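Structure record follows, encoded as structure tokens.
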Amino acid sequence: MNAPQNSPEIGREIIAAGIRTNLHDSGAGFPLMMIHGSGPGVTAWANWRLVMPELAKSRRVIAPDMLGFGYSERPADAQYNRDVWVDHAVGVLDALEIEQADLVGNSFGGGIALALAIRHPERVRRLVLMGSAGVSFPITEGLDAVWGYNPSFAEMRRLLDIFAFDRNLVNDELAELRYQASIRPGFHESFAAMFPAPRQRWVDGLASAEAAIRALPHETLVIHGREDQIIPLQTSLTLADWIARAQLHVFGQCGHWTQIEHAARFASLVGDFLAEADAAAIS
């Protein structure tokens, strides 16, 4: 996709599952793949920019723009659904010759990471689900607004207020940046094709079966912001209940942007959780 010159959102390009894929790849060590959410104009860099540098100090961090998002390819005949996105994520691992990785999934990306771990358990060492989809719930007004976004500065400003608990993080400059991202050529067309109304079906389409979730063998860290208006806290309570080897961390005074509103704590929490597996592999 066409990108602003010298944009930090551009990493390197690989072909994954036949899709030209924009990818950020930094650090060394056991690989961690980070799967972004589904906000308008989203990119992997926009989602993970505040935590990738810290996590990359101790591991290889891989953050792709998923099919149809950011600066990855948008084929005219693309089908957008959970299984296609799982195939794309597995394609990223295959293209990089990575047999197994830790996964972090944010919101929509959590639903993809969860489904990947269920379908391909041998490809996943540990799992982190943050403000995650993956179980069915009545769609919130916040999520319906996000997926139903019609490009305008005012609409983007309103959405950012829904995303963040801390209103000091939201200003007109940020809203203008995210609005401009959402109207780059091809961005809104593919976004609108993903989640047309009625949108409850897309919540359900990202959900995995309870029995499959209960059968997950992976150590899993479930993270949520208590004041999240996009994905209800109850989804993470359910995931923590169903996943046998789960632990749950709830950030107070936090909306849907855990990795932004509590970036240092998020990086430390995730880093420590993954370091346990690093230590076990050495001992």
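A Cβ is built for glycine as well, from the same backbone N, Cα and C atoms used for every other residue.
Just so you know, the Cβ of S107 (active site) picks up 30 other Cβ atoms within 10 Å once every protein chain is counted. In the three-state DSSP reading, S107 (active site) counts as coil. Annotation comment: Swiss-Prot describes S107 (among others) as active site.
Other C-beta atoms found within 10 angstroms of the C-beta of D228 (active site) number 26, with every protein chain shown included. Secondary structure from DSSP puts D228 (active site) in coil. Positions annotated as active site by Swiss-Prot: D228 (among others).
Around H256 (active site), the same-chain residues at least 6 positions away in sequence with a Cβ under 8 Å from its Cβ are S107, G131, G142, I162, F163, A164, G225, D228, Q229, I230, I231. Per Swiss-Prot, the feature active site maps to H256 (among others); the stated evidence is similarity to another entry.
Across the residues of the domain 'AB hydrolase-1' (32-262), the predicted structure has a mean pLDDT of 97. Per Swiss-Prot, the feature domain 'AB hydrolase-1' maps to 32-262; the stated evidence is sequence analysis.
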